[in-house]
Amino acid sequence: MAKKTFSCSACGASFSKWSGRCEGCGEWNSISQDAGLSAGPPSKSLGNRRGSPVQLSDLSTEEAPPPRTLCGMGELDRVLGGGLVPASAILVGGDPGIGKSTLLLQAAAQFARSGLKTLYVSGEEAAAQVRMRAQRLGLTEAPVKLAAETNLRDILTTLEAEKPQLAVIDSIQTMWADNVDSAPGSVSQVRAAAHELTTFAKRHGVSIVMVGHVTKEGQIAGPRVVEHMVDTVLYFEGERGHQFRILRAVKNRFGAADEIGVFEMTGAGLSEVTNPSALFLSERGETSPGSVVFAGIEGTRPVLVELQALVAPSPHSQPRRTVVGWDSGRLAMILAVLEARCGIPFAGLDVYLNVAGGMKISEPAADLAVAAALLSAREDAALPADTVVFGEISLSGALRPASQTENRLKEAQKLGFTAAIAPAGGKTGTVAGLQLTRPSDLAGFVGETFGAG
Ligand code: TYD
Ligand code: MG
């Protein structure tokens, strides 16, 4: 008898026995028994061909890499690493309602217009509903085939018969493999469906895009459990109240990870934002204390964003530390360094930090900009409006230069900034018209920017 295995529906970790709390992610009540692929009769599509290995040296070096297809939506093409690679498996994750179906219907139409035979399989909406959405998006003329299916075997049969070059599966959580004995949306089902679809993509040379809803609910498996199976993992992020949406590559076998594409949700679908810096800074009013512009790099592209900090006396015995769009552990570190190396305490003060526009930042190069925003808020002193800040802070209080310093400076200059504060070291190149301040440690920065501190 096959050994029983258990896995967590939140993070996908596997265990040999059940427990109430996942050791991997700490989630309660998220572990359930796997039915696994080995349970039940083997599915037809897996076949029984024997593998025939080839010598690495026999692979022709002259063979050109497979041609990629550009869809014409520049933001999407770039995130994919320069177009769609044939026979690739792509996962698009995101919160429910963020706009995944909208994005993929638009993408399917664009790829179809670029000459790819495209099939859009919806497991969530009836074909008529998808058509209604297409009407709203002005895509009714696009040569995309629609299917409303949830049975995996039927879908694979359809794919085999139709032989599309690109298939969109919306969503992986609605797929149902009849050889797996558990409900749609469970870890075993999601894993089995993703595995079958990925295998199919490689065998038949079809590019398959799978949609996965991100969920904290233990009942439904999130996209995490299939991340390792696919070639490319994209997350569609954004704040509900904001119209900006960011498509981020968190894994890509065919391009740079961390690449982002920026979109705006409008009444007629998603439109591309080709100059995100201008957009993120467009809501910026008069400079006020606590507001600092950070010159960041997302993937291969520089992006300027506004950081906002608020520091106020706390009525609580344990002051609040609230962060939106950045890492709260990193904020605690910066506060500790400011206190230990520069003698600036934040005890008894509530600290709020927000990245404007619904953007999420993970670069350590934001450290110095965060420190500047915190100090500016604490001292109630605004930084000059036309200044960008970036650089990494180490625990010793020393500043480390950020990668791609020159690109950051060029973007700042392009958007009309006239001054930059960045750590000494790092290649600045020649960026005309930008006044550079180059502190080597945090204490020096505090002294120069905020007087004695
Ligand atoms: P949807 O693509 O259905 O989200 P998901 O597939 O990620 O669950 O998008 C749903 C939201 O997008 C919905 O709240 C309405 C909004 N929307 C627009 O604002 N404009 C549009 O043209 C469309 C199609 C949707
Ligand atoms: Mg949807």
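In case you wondered, yes, glycine gets a Cβ from its N, Cα and C as well.
As the structure is a computational prediction, the values presented were derived from the model and not from experiment.
As recorded in TrEMBL:
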- 36-66: region 'Disordered' (REGION)
- 65-214: domain 'RecA family profile 1' (DOMAIN)
- G94, D95, P96, G97, I98, G99, K100, S101: ATP binding site (BINDING)
- 251-255: motif 'RadA KNRFG motif' (MOTIF)
- 350-453: region 'Lon-protease-like' (REGION)
Folded-back contacts onto the motif 'RadA KNRFG motif' (251-255), same chain, C-beta under 8 angstroms, at least six residues removed: 68, 79-82, 85, 88, 227, 230-233
Three-state composition of the domain 'RecA family profile 1' (65-214), taking helix and strand from DSSP: 62 helix, 32 strand, 56 coil
Predicted model, mean pLDDT over the region 'Lon-protease-like' (350-453): 90
Those binding-site residues in G94, G99, S101 whose CB falls under 6 A of ligand 2, listed in sequence order: S101
Helix, strand and coil counts within the region 'Lon-protease-like' (350-453) (DSSP): 38 helix, 21 strand, 45 coil
Intrachain C-beta neighbours of I98 (ATP binding site), sequence separation six or more, cut-off 8 angstroms: F236, E237, G238, R240, R245
Additional residues around ATP, ordered along the sequence, whose Cβ is within 8 Å of the centroid of G94, D95, P96, G97, I98, G99, K100, S101: H213, F236
All-chain count of other Cβ atoms within 10 Å of D95 (ATP binding site): 17
For the motif 'RadA KNRFG motif' (251-255), residues assigned helix / strand / coil by DSSP: 0 helix, 2 strand, 3 coil
Lowest local Cβ density (other Cβ within 10 Å) among binding-site residues: G94, P96, G99: P96
Set of same-chain residues at least 6 away whose C-beta sits under 8 angstroms from G97 (ATP binding site): R240
C-beta crowding around K100 (ATP binding site), within 10 angstroms: 26
